[in-house]
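Each remark here refers to the structure printed beneath this line.
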Amino acid sequence: MKKFTVLTLFPEMFNNFMTTSIIKKALYEKLIAIKIVDIRDYSIGKHHQVDDYQYGGGEGMVLMIEPLVAAIKAHQTKDSVTILLTPQGKQYVQEQVQQFAANDNDLILVCGHYEGFDERILYYIDYELSIGDYILTGGELASMVVIDSVTRLCENVINTQSHLNDSFSNNLLDYPVYTKPVEYDGHYVPEVLLSGHHQKIAQWREYEALKKTWLKRPDLLEKKNLTTEQQILLEKIKNEKKV
Ligand code: ADE
């Protein structure tokens with residue numbers, strides 16, 4: 001069972017997250033475990049201090065090293081990997097999600113806040129992850145992103161077939177999907193999907209996934225080793241676009 005331990009100054013942020021939808025179900029069925037740890041429980045002094053002014057002067061408070069390291073050490077085991085959520089980390093992508101889901105390590109997710117954390121924290125973690133090139137007020141949302149994305153790949157959480165076709169997992173975006181009604185405001189569901197012809201539907205989906213990727217995220221195709229068949233399809237798509 002995948003175990004996540006989150007070290008945060010704002011445990012209440014996780015209440016809705018853990019009691020809603022797939023995460024709630026995965027917890028209930030013991031497919032994952034999540035432990036939320038309040039860094040304040042490891043604060044020092046009678047004022048329960050966790051942050052302080054930065055040396056050298058400047059705006060904003062900095063998370064102190066002592067409570068953070070004490071919280072980390074209290075939860076690290078020989079099977080755990082300690083991850084600091086920070087915009088300076090390595091960009092989090094689906095390949096990393098798959099690795100986290102596939103190995104047996106428990107994940108300790110350390111959420112920074114305020115203006116930052118004492119840089120010496122880097123001696124006590126295994127790596128730094130960023131969920132994108134923008135600055136959040138803290139690592140909490142980022143840690144929820146990690147938990148959510150890894151959980152859906154854990155065994156028996158969702159139908160396996162639905163993540164084999166995930167966008168990004170094969171460097172292609174998903175093909176378009178439709179449900180009732182067949183016509184909405186003059187917009188129709190593509191006829192092939194109503195045909196019941198499985199082979200034609202599969203071909204259409206492959207074509208549309210490739211087309212969507214080329215139009216919206218051509219950068220993904222650079223990474224992908226296309227089969228000869230897909231290369232032919234792609235040429236066809238490009239030529240169609242020119243007409
Ligand atoms: N904390 C603040 N911004 C972040 C980001 N982009 N990714 C991960 N953690 C963060």
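Placement of Cβ uses the backbone N, Cα and C atoms for every residue, glycine included.
Unlike curated entries, TrEMBL annotations are predicted automatically.
Annotated features, as they stand in TrEMBL:
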{"type": "BINDING", "residues": "GLY112, ILE131, GLY132, ASP133, TYR134, ILE135, LEU136", "note": "S-adenosyl-L-methionine binding site"}
{"type": "DOMAIN", "residues": "3-223", "note": "domain 'tRNA methyltransferase TRMD/TRM10-type'"}
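Of all the binding-site residues given, namely GLY112, GLY132, the one with the smallest number of surrounding CB atoms inside 10 A is GLY132.
Taking the binding-site residues ILE131, ILE135, LEU136 in turn, the residue surrounded by the fewest other Cβ atoms inside 10 Å of its Cβ turns out to be ILE135. For ASP133 (S-adenosyl-L-methionine binding site), the number of other Cβ atoms no farther than 10 Å from its own Cβ, over all displayed protein chains, is 7. For TYR134 (S-adenosyl-L-methionine binding site), the same-chain residues lying six or more positions away in sequence with a CB closer than 8 A to its CB are PRO87.
With a CB cut-off of under 6 A applied against ligand 1, the binding-site residues ILE131, ASP133, LEU136 are reduced to ILE131, LEU136.
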